[in-house]
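The feature transmembrane segment is assigned by TrEMBL to 20-37, 57-76, 88-108, 114-138, 145-168, 174-195, 279-302, 314-334, 346-364, 370-393, 405-426, 438-458. The domain 'Major facilitator superfamily (MFS) profile' annotation in TrEMBL covers 21-459.
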Amino acid sequence: MKTSQRRDIKETPMDSGYSWIVLIASSGIYMLLGGTAKAYSVLYTEFLLYYGSGSGQTAWIGSVNSLLFFAMGPIGNRLSEVFTFRKVVLFGGLLHGIGVFASAFMPFMELHYLTIGLINGVGGGLAFSPANTIVSFYFEKRRALASGIMISTGGLGSFLFPIAYRFLIDMYGIQGALMIIGGFLLNTCVFAMLLKQPSQIVQKFKKANNGDIDNIKTNTDGVVQKTAEIDKESEENTLLQYNERQLEMKGDSKNKKLNRPTLSLSSLFNFSLFRNPKFAMYAIAYTANTFAYIGVFTALPAHIIALGHGKGKVVMALSITGAMEIISKLFFGWIVDLKIIGVKKLLLLTFVVSAISTMVIPFFKDFTAVAVYAGMVGVFPGSYFTLMAVVLLQCIPLTDLTSGFGLMMLCLSFGAVLCQPIAGWIEDATGTWDASFRFLGGMTCLATVVVLLEPLFVKHWFLRVKPTEDVNTKHQEMTSDLKESGTLDRRYSLEVVSQTEKDYNTVL
């Protein structure tokens, strides 16, 4: 008599087939979320005029939103493993739209902390990180290009949304515009329906529970074997067959329960990744650069108005940034895939140009110079996020990407929550945005220094390995996951293994 068979898991197609459908869905989600985040600068200037509040006080709306947008990353990714990417992004998209829609009915500025800050921020965070992470499970050879395509749609949103926001506010007022925008953002739920759970996630938890499942299967097989050997009367045989089917059903039910991952604090926040020195250094660098990048979108619109260029110029500058993001992110993803320039060198290039341009922009008052700077914001600091998945996969294996990406987003939240109010407070104290720009440029300089010091930090970390610990064994442990991960791009895997071996050889 046949026993119940395990359901075969269809392998996730890599670089072909449904991979492109997932990329389209993630790109649509990224456009809606990224465009909304960048266009908040338009709402920020409107709130300043509508409520007559201070720059620092009003900036807390976007600051709370940015904090939750990034901090929900590890939670969103872990929930996606438990409840699937589709369900989590669907729920996040619903909250994201409701938060903006509800803001239309808020009579006081402080209430926007709840609607745009809390509700919209949580919803965006639940949708953003999973939509970003899932693409890496569907692409291998063209992972950087796929990330560039997806993130470039955020540039498309940055280009279109400020224009749309300005048009809607002029036509329907701030309240009518918020209602329309909130309804439009619900399209995130439509894109979420196209997401399919990657087989790597399912296999990860099947392997974790393999021992328990094998025990259940062994017990069931034992009943089957004994049933086949028993030669009884027909009614006894029927009874044994019935008992066997009951055991098989219980075994299948138990298997499903075992295969589903569980939620715990340690699973939501995998802080053990910080023991990886490369991951820790890049987390610090990305946090500092995020502080500067998001802060620019608070300082630049208000700076343009302070120079007397008007609201129309604000929309033009933001649209220039978005247009340049579309081109640059595709270009950066393409050259990384072709191995024209190393990821680290490209990242350093974006940091250095960003720091210099941000620190010198206060010296230029003409809008032409401001427009050039807005374009540079889209090309250089705007492209650092394109490289994040590739950078992470040079530090950790693909099976840890969901937790690694989520933990990185949690780190970015610390930069996101502080940058906008600090930039606003500096302006309140000095009366101009010049000092704010120089401070933001200094934060990008910090990110540059951290990346430059990363090899020295890694070497120092290796030197602190306990004398009783076999260094060669530790080297094998750190690189085995990358070598054995069949879904990890071999090129990136070999780069990490080679670099790790060089670091250890230096110590030995």
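Please read every residue number as a count from 1 along the shown chain.
Each Cβ is built from the backbone N, Cα and C atoms, and glycine gets one as well.
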Tertiary contacts of the transmembrane segment (145-168), defined by C-beta under 8 angstroms and 6+ residue spacing from its ends, are 19, 23, 26-28, 30-36, 38-39, 41-43, 132, 135-136, 138-139, 176-177, 180-181, 311-312, 314-315, 318-319, 321-334, 336-337, 378, 382, 385-386, 388-390
Segment confidence, the domain 'Major facilitator superfamily (MFS) profile' (21-459), expressed as mean pLDDT = 82
Interface check, the transmembrane segment (279-302) with the transmembrane segment (438-458), three or more C-beta pairs under 8 A | yes
May I ask whether the transmembrane segment (438-458) has at least three C-beta pairs under 8 Å with the transmembrane segment (346-364), counting pairs 6 or more apart in sequence?
-> yes
Stretch contact, the transmembrane segment (88-108) with the transmembrane segment (174-195), Cβ-Cβ under 8 Å, 3+ pairs | yes
Stretch of maximal Cβ-Cβ contact with the transmembrane segment (405-426) [cut-off: under 8 Å; candidates 20-37, 57-76, 114-138, 174-195, 438-458] | 57-76
So which of 20-37, 57-76, 174-195 has the most C-beta pairs under 8 Å when paired with the transmembrane segment (114-138)?
-> 57-76
What residues in the same chain, six or more past the boundaries of the transmembrane segment (174-195), come closer than 8 Å to it by Cβ-Cβ distance?
-> 21-22, 24-26, 28-29, 32-33, 36, 43, 46, 50, 84-86, 89-90, 92-94, 96-105, 127, 130-131, 134, 164-165, 168
Restricting to the same chain and to residues at least six past its boundaries, which positions have a Cβ under 8 Å from a Cβ of the transmembrane segment (438-458)?
-> 277-278, 281-282, 284-286, 288-289, 291-292, 295-296, 299, 344, 347-348, 351-352, 354-359, 362, 381, 415, 419, 422-423, 426, 503
